[in-house]
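Below is one structure, written out as structure tokens; comments come after it.
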Amino acid sequence: MENAGAGDGAPKHYPGKMTVFVFIACLVASSGGLIFGYDIGISGGVTSMDPFLSRFFPSVYAKEKEVVDTNQYCKFDSEPLTLFTSSLYLAALIASLFASVITRKLGRKMTMLGGGFIFLIGAVLNGAAVNVAMLIIGRILLGIGVGFSIQAVPLYLSEMAPAKMRGMLNIIFQLMITVGILFANLINYFTDKIAGGWGWRVSLGLAAVPAVIMTVGSILLPDTPNSLLSRGKENEARTMLRRIRGTEDIGPEYDDLVAASEATKAIENPWRTLLERRYRPQLVMSVLIPTLQQLTGINVVMFYAPVLFKTIGFGGTASLMSAVITGLVNMFATFVSIATVDRFGRRVLFIQGGIQMIIAQFILGTLIAVKFGTAGVANISQGYAIVVVLFICLFVSAFAWSWGPLGWLVPSEIFPLEIRSAAQSVVVVFNMAFTFFIAQIFLMMLCRLKFGLFFFFGAMELIMTGFVLVFLPETKGIPIEEMDRIWGEHWYWSRFVGAGRNRVMQMASTNV
């Protein structure tokens, strides 16, 4: 399958360079990943803290502390506790549908600003919570903020970056997610030691810090030339394109942006257009890539890491420290992707990371099966625990340089402008839907499948690696405005792409 995405036509190379202005703008915009990552990391740690459990989820606390014969696999199985974690993702799913319209009508910048502000309110509510209802309302507001940010930020990064650097700059978003996870794990480790049992308030309330960074940063950001053009601001778009490319010679790129913008204006309903045959490759990728990303099992490892480590026999402090270790691995492994994605391409990282995750999951399942069996009762030695953590780190590192960043990068770069906001909304909806679904059923699956849960996720990774090998073309170095070419040259997708796209461009030319 070496020619799965290759073609003979060379991509365009627009004049311009990587400017300091673009790098800073992308770095600030990527702070949207901090709020998502912080929440992923903070939730699992807080739900493993005894004062938090005894106050809000006493039945779980009783199973953990008082019922000595509870199966290790099942002691955290609680619907209210699961709802606390997963309600954010359901809210993000719904919010992303509205965020699509806001992104298209008001621009990427305003969507990020709104997301940061709403997340800030949710953080304050969670930190001050006195009952479960207040916790859930706060989580819903956090989810709305996350939905807005992950709708707008990947689009913003893809549109600001020059084609040859798009992979690296877009992956900064995933890097910020990993930084958020790491800091959340570190904060949980130290707040768990606070005397008086109120450390969980600090953990939840400090989510306001990344929210403030994103809110203030969004105020200072420029909007993208693509977004300005789609809203009829031609002069501003031309000026911004000159600034971000660092050259006066923007004619070819600007002309292509105008053509894409006119094609957008010819589309009355981008949602209906997305369902047309010529956009079948983009629709399939916008559904399957985020879905398969969640079926790696990564989020259950990251936001349930302390709970998971407690389940397999680690003590409370040890489980939080193990989560810090996986957070460090997650962050540093993301740098591998930043350094290699524009050199080796997307497919190589997808396939290599997939194979590594498959190996790690099946070995983890075997290790836990040997030690715990189905009874879920065993004392784990320090040496055995270290081996388990090592293979979890092997899994996390593979995800961090493959499906983690590429699950956001590839969908954000393959959509033509006329369907970009709608298609990105589909990406967010399916990502959040399956994040919600997996979060909602994970503790139940752990209780029912036991060590078999790792084999389940390993099987999913086998399927997704095969999917990439056969159906995903290489997108490295292709300008967004030319991305249709790779589908037209693909052995399978070429049957869907061709004349339809030409008709859209002809419609655009008649409107000029």
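A Cβ is built for glycine as well, from the same backbone N, Cα and C atoms used for every other residue.
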Hey, in Swiss-Prot are R346 and I480 both on the same membrane side?
yes
Contact set of the topological domain 'Extracellular' (188-201) with the rest of its chain, CB cutoff 8 A exclusive, min separation 6+ beyond the ends, reads 41-42, 45-46, 49-52, 55, 127-129, 306, 316-317, 320-321, 323-324
Honestly, do the transmembrane segment (140-160) and the transmembrane segment (348-368) touch, with at least three Cβ pairs under 8 Å and pairs 6 or more apart in sequence?
no
Same-chain residues at least 6 beyond the ends of the topological domain 'Cytoplasmic' (103-116) with CB under 8 Å of its CB atoms are 29, 32, 35, 144-149, 151-153, 155-156, 159, 211-215, 217-219, 221-224, 227-228, 230-231, 270, 421-422, 424
Does the transmembrane segment (82-102) reach the transmembrane segment (18-38) with at least 3 CB pairs under 8 A, where each pair is 6 or more residues apart?
no
For a three-state summary based on DSSP, what are the helix, strand and coil counts in the topological domain 'Cytoplasmic' (161-166)?
4 helix, 0 strand, 2 coil
Could you give the residue numbers and ranges of same-chain residues that sit at least 6 residues beyond the transmembrane segment (321-341) on either side and whose C-beta is under 8 angstroms from one of its C-beta atoms?
41, 44-45, 167-168, 171-172, 174-175, 178-179, 181-182, 184-186, 188-189, 301-302, 305-306, 309, 314, 349, 389, 392-393, 396-402, 404-406, 409, 476
Tally Cβ pairs under 8 Å between the transmembrane segment (451-471) and each listed stretch (18-38, 117-137, 348-368), then give the stretch with the top tally.
348-368
Residues of the parent chain within Cβ reach of the topological domain 'Cytoplasmic' (342-347), under 8 Å, 6 or more residues beyond its termini
4-5, 164-168, 406, 409-410, 468-469, 472-477
